[in-house]
Each structure stands twice: as structure tokens, then as C-alpha cells.
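Encoded as C-alpha cells, the structure appears first; notes follow it.
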Amino acid sequence: MKTVIVVHGGAWAIPDDISKASVDGVKNAARAGSVILRNGGSALDAVEKAVRTLEDDPVFDAGHGAVLNTNGEVELDAIIMDGGTLAAGAVSSVRNIANPVTLARAVMEKTDHVMLTDRGANLFAESIGFPSTATDALVTENERKEWEKFKKYIVGVKELFNPKWGHDTVGAVALDSLGNVACATSTGGIRNKMVGRVGDSPIIGAGGYADNRSGAVSCTGHGEAILKVTLARLILFHMEQGKTAREAALTSLQYMVERVNGGGGAIVVSPTGDWAAKFNTERMAWAAVEGEVLSYGLNPQEDCKETFQSK
Amino acid sequence: MLPVLVVHGGAGHIPKERAELSCGGVMEAVRGGYSILRAGGSAMDAVVEAVTLLEDNPAYNAGRGSVLNVKGEVEMDALVMDGRTLGSGAVSAVRRVKNPVQLARLVMEKTNHLCLTAEGASQFARAMGMEEVPEESLITDYARMRWRKNLAPGANPVECQMGKMGTVGAVAVDVEGNIACATSTGGMLNQMAGRVGDTPCVGCGGYADNKVGAVSPTGHGEAIMKVTLSRLILFHMEQGKSAEEASDLALAYMRERVGGLGGVVVVDPQGNWAARFSSLQMAWAAARQGQLHYGLYTGEHFTEPLEKPSQ
């Protein structure tokens, strides 16, 4: 059976100076995930690997490169979900962890719970010997500068989701050779967020959802809007009703604009390998591997193709 | 048919000696919330009032009376949602707050975020001038006794869990047709520090949409999350199912797919309501057109005039 992986690096007004790095980053992550699928690995392993690759890439707001909260600290959210069992693991507002997606997977596999938050997530990480990083190790020089610039302009409360200020959650969805789907999403949230703010990413049904019967979704964009419409679950609901991945994503994104005035993007894969990467923000870096074709894009309607090479 | 208010005091297996307490509290909460609706108040005011009464009542696992986590601490989750705007507010793993549901409402009304967690939620509470209460004031002898019992060697935490899963919640439609939901919980007995259940997750622990209805669930949190129970019920209602049919379908699905038990209270925009559960018991009460309805065991449905003194 064919395998598919789709990844995104966040839906927002990606500035030109990091557009190439963003596209290269999602292509790398898609390749890394695809290699696992080609070797008979699981969808779960593939999405974890792809998201880890993006977390490690400082160009993205997740893991290394995450944005800072109002106190100048990094707080990370992540989720992973297995479409075969509906098992899920999530962490919210976790600190000093370079790969929150892997910690989320440990929550899924090593506890009876789905979600751990804040110090509880760190206590759990310690208890299983999960590697921690120094507080500033995840902060890039660029982010510190941007954050300081941001602090100078006291923005009105309603303006926090200004796409110019950066907002690039990362995520992946995959279909493996056994027909299992999985999703993973990871983020540093939005710059200058309140301490303890939890967005859509770690919330099941909002930041991601995976079900072997309907498909897998990972979302990005205005977190509060995504939560209000439970975007990931909404897209899969439309697919359960017979819509294609593309139609379901577009219908749901349009609904989110109309109902709660929120922009964003989503990547989707169905159990038969029908996939889509759609957004209504200015840009979203995305890449997908299906068979021997690596597809990718950044601007609306862009769909570049090249032959897959594992590098 | 409007206004209408339905509340629950948790699904699970309620020990006989506590059954009366459990029923009395939900009836009192429904009277409190319904008097607001009858005076022309909003659905949001009514559900917050009803849930506040249940949080203050030590017979329930929310606010005072919450279960203790494995470290012997009280960490609480709460959610409110406004069906007109899809605005929502939530707190997770918050400590030393008397009424988490009121803090969740402040998150919705005073921030541009949707969910605040742990210490960040406490900081916000302080900034809002909300009183910080001593942890002891939230802990009952009963909660401490059960916590000790569960720490004892040979204790079966899963079995003990069945004793009391009393998350509380409410759904309402006001005379203007606005719909709201609220849910609040102390979580699972002897849960890991930082464990977040379904309650503060939009679409899992509650959902409200003026166009479809509102749901507040209770039961096995991890199972509720895996099927995004609240949103699932409303999807069925969007497809033309009644509140009762949609609840039964979704609860049966949760049992089959992930082996989870629970219960829900549901309203639709016309004022039809349902209180359904797959667990042994769920304390529930509803008020509509001058009548008070209540029950505890499957199939139980008592009705009496609201005006009659409860003795």
C-alpha cells in the first residue's frame, strides 16, 4: 500500500528573508518522515520524526526557535495521535524540553493520561529520564531581538494575532503501509503570550486529530479561532460525510473565517492516501511525499514538484 | 420551551450513602441557575451560577471537595463557552482558587486567549483580584481519606476511581435563545501532577453553539478526549438527530471505540434537553416551564413543580 506524509511549518505572513529556509525546512522534514514510511515504519514514527526535524530547525516556532512569552520565556505545546487506537498524548506549557512532540508521545505510551501540563509535564519528563535543555538553549538570537522590538510596542489586546509577528506552529500527518494514520503538532505559541497560555496545538480535535476511519489533520494559524471551531475534528467530520481532503479543508477554513474571523491552515491525509495542504493566510510552508514525488509550496496555489530523493 | 437549564454532578458509581447528597446538590444548583434565567438573565450567567453552587458544595469533585492528585494537591480544570460567539475560556491544573469556573469566564472576557494553565492561570487570577484560598479549604476529609486509601499498597486505583468521577457541569438556553455550557472538575483521584483531562478542552469537556446546542460531559476524561465527545454529539444533532439520540449514539460509540463510560447533559436551541449516561449513575437535574426534573439511576426521571418547597 502507498504511503503519504504531509508536513507544514506554520500558516502566516512568512517574510521573504526566511521563506527559502522555511521551504527547505519542511522539505527536509517530509523527506525524513518519508524514509521511515518507506522502510515499513509506522505513521506514528513518521510524524514524530518529521516534527522533531522541524522542532530542531531554528527557523520554526517550535522547539529550538520558539517564540517568547510576555516574561521572555519559552513555553511549548505539542500533541501526537494514533489513528488506529485514538490514543493521544499532549503536553502544554512545558519548559526546557527540546522535543516536546517526543515527550507527548511518552505521555501517550507511558501514562494513563492524555495530557500533562506545566511543571507536571516536567516532573514526568524527569521521572522517565527524558533529556532536558538549559533555559536559554531553545532561544534564538533573532527571537530575542524580535521579542524586544515587540515589547516596545504595547499592542492592544485584540491585536495579538497579527500575522506579521510570526506564528509558525509545525505539524505532520502520515499514512503508513498498513493503512494507519497519525498526526503530530508542536508549537511555541504566539509571541508575548501570557504566561501559561495554551493554544490549539495540544488540544485534541483542535490542533490535531487522527482516526483510521476518516483521516488525520494537523492545524496551524490563529489558535483561539481554531479552538472555537475544533478545526481538526471539523475537517474530519466533513470527510466522514464524503468530502475529499481538499474540499473538507477548504470548507472548514472558510467556516472559521466566517464564524470567528480566524485565519489558518491545515494538512490532511485520508486512509486511502487522498491528501491536501490548504491555508487562507498569506503563506504556509508545506511539503508532501507521495510515491516518488515530493510536492511543496509557500504561496497560495503554489504546487512545485520534484523527484523524491532521500538525501 | 425557553428558558431551560440542565446540570449534572458527575457520572460514575456513587456510593449509596452519598446518593442523597448528590441529588440534593444538583437540584439546588438547577434552582439557583434557573432563577437567573426566569428573571431574564443570560444562559452564561445561569450556567456559571449553577456550576459555582456545585463547586461550593463539598459533595462534588469540583472546587471544594475536589479529589487529590498523587501528591495530595488539588489541581482543577474548568471551561465555559458562549454559543453566540463561540467565545470560550478555560483554566487547567489551577490551584488555590475557590471557583475555577469563574476564572475560566474571566479568561474568556478579559484576555484574548482561550486557555491558561497552572501557574499562569494563578497569576492571572491574582491580576484580576480573585482571592487566593488556602489549599486546605478545598480539601474535604472524604477526599483525603480516599487519597490515603489509594496510596495504600494493593490499592486498585482504577476500581477506586469508579467511586466518584463527579465532574460537574451545566447547559442552558436563555429567553433570547442564547446557549452556553460550563464544566468544572478536580480531575481523577490520584492523578499525576499536571494531568489535564477533558474538561478544559473545547469540544471535549463542553461545547456550545447557538445554531446547534450545548453539551457538558462527565466520565472517563481520557476516553471523552479521544472521541471529542461534546463536539461529536453536536455533529449528530447537526445531522438531524435529537439531543437524546445524539447523546446515546455518541456514548455508545465511546464505549465501543475506546472502552469509556460517561454521561452528558445536552440542550438544543428549541429548549429540548437530555441527560444521558452509560455509567451506573449520574446525578442530574433540569428545569423548564416551571417543572423540576431529576434522577440518578438509569431510567429514573422524577418531576415536581419548581415552586414546591423541596422538603
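Here the Cβ of each residue, glycine as well, is placed from N, Cα and C on the backbone.
As written in TrEMBL, here are the features:
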type	residues	note
ACT_SITE	B:Thr167	active site, nucleophile
BINDING	B:Arg195, B:Val196, B:Gly197, B:Asp198, B:Thr218, B:Gly219, B:His220, B:Gly221	substrate binding site
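Features as recorded by TrEMBL, highlighted on the structure.
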residue  : record                   : DSSP (3 states)
B:Thr167 : active site, nucleophile : coil
B:Arg195 : substrate binding site   : strand
B:Thr218 : substrate binding site   : strand
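Those binding-site residues from the list B:Arg195, B:Val196, B:Thr218, B:Gly219, B:His220 that have a Cβ under 8 Å from chain A Cβ atoms: B:Arg195, B:Val196. The local packing around B:His220 (substrate binding site), expressed as other Cβ atoms within 10 Å of its Cβ over all shown chains, amounts to 26. Here the Cα atom of B:Val196 (substrate binding site) is found 13 Å from that of the residue listed as 'active site, nucleophile'. Across the structure, B:Thr167 (active site, nucleophile) and B:Thr218 (substrate binding site) are spaced 6 Å apart at their Cα atoms. Around B:Arg195 (substrate binding site), the same-chain residues at least 6 positions away in sequence with a Cβ under 8 Å from its Cβ are B:Asn69, B:Glu75, B:Ala93, B:Gly187, B:Met188. For the binding-site residues B:Gly197, B:Gly219, B:Gly221, counting C-beta atoms within 10 A of each C-beta gives the highest total at B:Gly221. Note on B:Thr167 (active site, nucleophile): other Cβ atoms within 10 Å of its Cβ, all shown chains, come to 34. Sequence-distant contacts (6 or more apart, same chain, Cβ under 8 Å) of B:Asp198 (substrate binding site) comprise B:Cys204, B:Gly205, B:Pro217, B:Gly221, B:Glu222, B:Ile224, B:Met225, B:Leu229.
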